[in-house]
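Below is one structure; the comments refer to it alone.
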Amino acid sequence: MFTLTKALEKALLQHFIYMKVNIAYAINKSFPFFETLRDNSFITERMYKESLEACQNLVPLSKVVHNILTSLEQTFQPSVLLTLFSQVNLREYPSLVAIFRSFRNVGYTYEEKNRPPPTLLEDLANPAEGCSLQTLLPPPRPQLSLPSHLSSAPRVCDPRATAQPITEILDEQPSPSPQAVPLPGCIQEGKTIPVSSRDHQRKDKEDSREMPHSPSGPESVVKDDSPAANDLEMAQEVLCTPANKKARRKKRLNWSNSKRGRQKKKPRQDEMMGVASPGHGVQEKIKAVVSRRTLWKDDSSTNVKEVTKILRARMRCAQTSNSQEISKEASKTSGRKRHGKRTSTAGKTTQVPGKTKNDAVDFLSPTFPVTCGKANGTLFQEKLKQGVSKKCIQNEAGDWLTVKEFLNEGRRATSKDWKKAIRCNGETLRQLEQKGLLFCTKSKPQKKGA
């Protein structure tokens, strides 16, 4: 691959010494690295056996490989690299691929350093004689290769001109004229750039296609009968870069958009004068109605005054009605909230276990359940008929209580009417007595001395 010299061999040896540790860590197993070096007589049989024994004695493999590479450094030969980077080793040790590439790069860099200097310096020493484009530009891409009829055309040796891409050079070439008229953009150090007639015809066709899209205005070209003037104008159109064409197209689009916007604004103003949108409020509606009614009343001043008075009155009424509606809605919402709170509290009171209704109560029986607050018990009608001071109520614990004691147990001792404090089946004893379902004595409890 490379012409081997002493200098190159020395460079490879230095790189080998530099990469010994990397090579040692790239070898992750003993086979076939040790066997390859032994079979090619780079290491002796004794070193081969000692290396295997060291691996069996749990010496790190990378350290053993590094010792072998150090011994190969003493008698370094380029053939060592061929054996080290053989196909078998590269397949068994994938980490060696990157190291192999680094050695190959060393050879490339050495050849580039020792390559004879190019003749480009001699060409640059005499800039007056001119130079070719190929010596300055990098090698062109295949899709940008020049045609055969343009390869022989002379070019000017100008650093600014050569830095441009080949496509821009083709676009900026002027068209030939009967008399070689130099143009301001094409003169470079007293030399002109000729272009073939085919490119001139191609540019003429492209310009003729683009001309109908341009609007008539200040950008229109003034015609002249003289052939020289026509050639100058056509050459100037050819010299227009794509950036200038894009700028002109943007100007045309902006001009057309502004014109359309002006045409659209006029009917919008007319519509606003006749009909007002709902978002403009009551005042704009009043103005629209006033303008209509003034037209209907033949622009009489008296009618206008009457209409304005009526409209003002309507506007006031509308404002007052709106304020009243807002206040009503606010009161409704507050009333709903309060009503909701009341209903919730009423529901809570109805959920008291002493006030629940039970349709299965038989008032003809001598006993029926009663409640007073949180106290529950059983009322005996026969004992109640004897008097309020009699123990006629038996609580849940089985104790006999008088009406007053039962009120104390239910924390209703302060009630003025004990018949309203004691309930049965969700109704007070007063209500049951009025319905004829219960017979009670006088509302005040009798004293013991009576």
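Along the chain as shown, the residues are counted starting at 1.
Cβ coordinates come from backbone N, Cα and C, glycine included.
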In Swiss-Prot, one of 27-52, 131-156, 287-312 is tagged region 'Disordered'. Which stretch would that be? 131-156
Considering every residue in the motif 'Nuclear localization signal' (251-266), what is the mean pLDDT value? 59
Take the domain 'HSR' (1-108) and count its residues per DSSP category (helix H/G/I, strand E/B, coil), listing them in that order. 79 helix, 0 strand, 29 coil
